[in-house]
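Reviewing the structure listed below.
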Amino acid sequence: MDRTTFGRKTFNTQRNRLDRFVAPRDSFSETRRRRSWHAACDVQPINNDIWFGKNLKKKKYTKYLDKALDLESPDKSNSIKRMVQPWPCIPRKKTYLSSADSILDLPTYSYAIFPELLDWSNDNVLVAALGRNYHKWSWRSQSLISQGYAEYQIQCCKFDPRGELLLLGTYMKTVEIHNNVKSKKIDSNTCNCLEKDNRNCSITAVDWSPTGNSFATGCSWGAVTSFTRAAKLISWRHFVREAILLILIALSPNARYLAVTAVNTALVLLLTWPSLEMYSSIDSDWTIRTISWHPWRSALLGVGAVTDDLQARIALWDAPTCKVRDTSIGPKRYRLDAMLFSHRTGELVLSMWNSDRAILHPKACSQLVVMSDPDTMVDQWGEGRSGLDRVRTMVFSPDGTKLATATSDEDLIIWNFLPEDKKMKKTKCRFFSALPEYLDEAMQGYSLR
């Protein structure tokens with residue numbers, strides 16, 4: 001069967017029914033389908049999961065009764081600890097992740113070694129890089145609008161903040177800059193690993209500065225480079241003296257710091273931008289999975305990790321003061337895949353999966369979790385036998401109301417993260433003001449009573 005990038009998909013694709021008296025699964029509502037999978041999940045440890053939908057409703061109702069009856073909550077013992085908000089946030093009052101807006105196809109994405117192959121520009125265009133080609137899909141027209149290609153296989157991609165350029169990190173140490181309108185290469189440069197260390201590398205991570213006047217790259221040999229907007233070299237530093245599979249980099253919102261780490265390592269570096277001088281570092285006994293800057297603070301870095309006993313942890317690192325606060329997230333046996341702060345609400349979005357549940361089902365049964373603090377989950381989706389596979393990367397739409405996730409099952413799912421903005425209504429209507437103005441002119445300012 002021929003598959004096209006950004007082709008329409010459904011969660012429950014199946015062959016046509018031969019028996020016309022048996023209703024297809026798609027005819028049932030999503031809520032009913034999610035309630036019907038109890039047979040394989042009656043195992044006691046899984047049903048006792050505190051993130052299980054039934055237990056979440058009980059917890060929410062308990063809090064409601066405590067507030068209505070003016071009872072003291074058991075959590076009040078830790079009230080002093082929780083008075084300090086770990087990260088700035090305006091949490092939602094309703095849940096919105098119960099439905100997906102669109103489900104599109106990403107052929108061959110499951111074979112990609114590096115996951116950062118998806119981005120969303122400020123002019124509402126999604127890009128997916130697969131192999132040497134990249135494909136652009138317009139949110140407004142809901143269709144594929146253009147395609148482009150790179151000289152080598154693409155490992156990562158990123159739109160500039162202005163939406164004019166597309167940055168591509170590729171194999172053979174090359175970074176390319178493409179014009180977003182024409183989908184053609186206009187500039188390129190290479191990493192200095194070959195000249196300095198006589199090694200060929202791959203560009204595995206890229207990120208733009210907040211102004212779009214410069215960008216950073218990270219390679220598979222642990223080198224970090226800063227470039228101008230025209231791909232001119234600014235600085236180059238080598239921090240890891242061994243081959244690493246995936247390096248992660250992220251520029252702070254105030255454009256002063258560059259966070260650098262490698263997946264499945266324990267060290268996070270903080271460099272000055274754009275000189276790439278060492279500023280600070282943290283070393284722990286965790287396994288680093290992802291990093292993300294909070295968009296509402298000048299330099300508050302979130303570090304997502306997993307401990308040896310499979311406990312997900314989040315460390316919040318305030319770069320100017322070098323203070324680090326870490327806390328556990330959720331129950332044990334949950335592993336962290338991706339993490340992102342919402343620029344609209346400040347909420348923390350996590351993609352996690354339960355290793356125990358993954359043993360029972362062919363899919364890892366990922367959960368998208370939206371948290372306002374380490375102890376409060378305000379929204380979630382993803383329980384069931386046929387649901388969300390592991391999310392490898394995710395990006396927000398420009399207005400922050402949609403969340404696009406790319407899964408190991410080669411699905412691009414666009415979620416309704418928040419309700420769309422209502423159109424501004426005119427507070428003054430010309431139809432009602434025209435008659436009084438005409439009468440005032442006709443009567444030359446006199447008022448007849």
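Backbone N, Cα and C define each Cβ position, glycine as well.
Per Swiss-Prot, the stretch carrying the note motif 'D-box' among 86-97, 158-169, 386-397 is 386-397. Long-range contacts of the repeat 'WD 1' (108-148) within its own chain (CB-CB distance under 8 A, at least 6 residues past either end) are made by residues 4-6, 102, 154-159, 161-163, 166, 168, 178, 180, 183-184, 204-205, 245-246, 392-398, 402, 404, 406, 408-410, 412. When each of the listed stretches 198-237, 283-327, 386-425 is scored by C-beta pairs under 8 angstroms to the repeat 'WD 2' (149-188), 198-237 comes out highest. Sorting the repeat 'WD 6' (386-425) by DSSP state (H, G, I as helix; E, B as strand; all else coil) yields 0 helix, 18 strand, 22 coil.
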